[in-house]
Amino acid sequence: MLTLATLVFFASHAAARYTADWTSLDSRPLPTWYDEAKVGIFVHWGVFSVPAFESEWFWWHWQGQQPPEQICVDYMKKNYPPDFTYPDFAPGFHAQFFNPGDWADIFKASGAKYVVLTAKHHEGFTNWGSPFSWNWNSVDTGPHRDLVGELGEAVRNRSLHYGLYNSLYEWFNPLYLIDKKNGFKSQQYVMNKLLPELFNMVVRYKPELIWSDGDWEAPDSYWNSTQFLAWLYNDSPVKDTIVTNDRWGAGCYCKHGGYYNCEDKYTPGQLPKHKWEKCQSVDKQSWGYRRNMKTSELMDLPTIIKDLVETVALGGNYLLNVGPTPDGMIPVVFEERLRGIGAWLDVNGEAIYASKPWRIQRENASLPVWYTSKGKSVYAFITAKPSKPLVELLEPKTSTATKVTILGNTNPLSWAPVRPNGGLVVLLPELPQSPSQVWTIKLDGVQ
């Protein structure tokens, strides 16, 4: 009867038609692949990679906001002729060294299970031959290549999930500026540019994740977000696998959509009730490539691993960003970070992938410790090397069947109870040198 009930439940959801309202759309179960994946790679790549100065918001900070960022104005005056425009950067986005197989190999080696590429950032330039972005796309100018399609094929050939970032608004699109001037009472941009382009992108590339952004200037009713999501969930070619975030209009953050981003680099501090994702960037100053980035402005490997552990312990996914160069290379320092994460996950991934938050997510006994669980096992992440070979864990409740090991070594560890109703002291072996400075204790037979 239980099996039959389960089948009926899933059949009813599979047959469900979602209506174009948040109550219905928010009831859709999140496809299971996403929560199980835990780790993804974000890739910010576009015309902004050519000036490669300040951040991917360079165009807006130079010519959009008032007053402009003086550092951007000075940069252009010093390095470019007076009549140079931002679109003049596009031919420099040549991507001549872009090898999608090399990128996909790096992403696979990082231990990530999904990849999200900027199909279109706020500048409006599409990394594919959008028929709705004439002469402002990667096929008509710059690389003269379908970057979205090429990377998608390579990523999927390595059994990774593929997602696309799409900005709803475009800073300087004339149709958008007309709607904005009209207080978003008109929808010329939405009907003639945004929605046709989104439909085309989904049908052509069949992404398994849409990372929406650039929504905050207008309500979801202007963007027609609920109508688009109803089509995406009901009738699109990816209706059974697609995952979406929460950036679908002013006021939607942390409230509506698939999983929640809430804000860039979001850290909830305690276990949220809804699935969430932390997007983080190796370069702490920018999402896009910067030619003048410094080592001190980058996240080091131990910081990334600890950030990943904290995120997963609190039920989140970790989406780590790298910004490639305009000629199509992932900077070596970013590659080193990604391969370092992969080396750590090779040993400790058992405690990350498809894990669930434990009843206690963190404790501070002798050392800061984060917990995850999977099946009947509990995992304790030691995020600092102990000064002595003893670690005290106060939260697990032990029994005579309790077994303790450290991932990477199958030999059981000696332990002793702290008190009758719970807690244990674990005698650690000589810990191997680890660039990540995070080790994982596996506890079986505890509550």
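If you go along the chain as it appears here, the first residue is 1 and each next one adds 1.
Just so it is clear, glycine is given a Cβ too, placed from its N, Cα and C backbone atoms.
For reference, TrEMBL has these:
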type: DOMAIN; residues: 12-350; note: domain 'Glycoside hydrolase family 29 N-terminal'
type: DOMAIN; residues: 361-443; note: domain 'Alpha-L-fucosidase C-terminal'
type: SIGNAL; residues: 1-16; note: signal peptide
type: SITE; residues: CYS279; note: site 'May be important for catalysis'
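In terms of DSSP helix, strand and coil, the domain 'Alpha-L-fucosidase C-terminal' (361-443) has 0 helix, 41 strand, 42 coil. In the structure as shown, the Cβ atom of CYS279 (site 'May be important for catalysis') sits within 10 Å of 22 other Cβ atoms. The average pLDDT computed for the domain 'Alpha-L-fucosidase C-terminal' (361-443) is 92.
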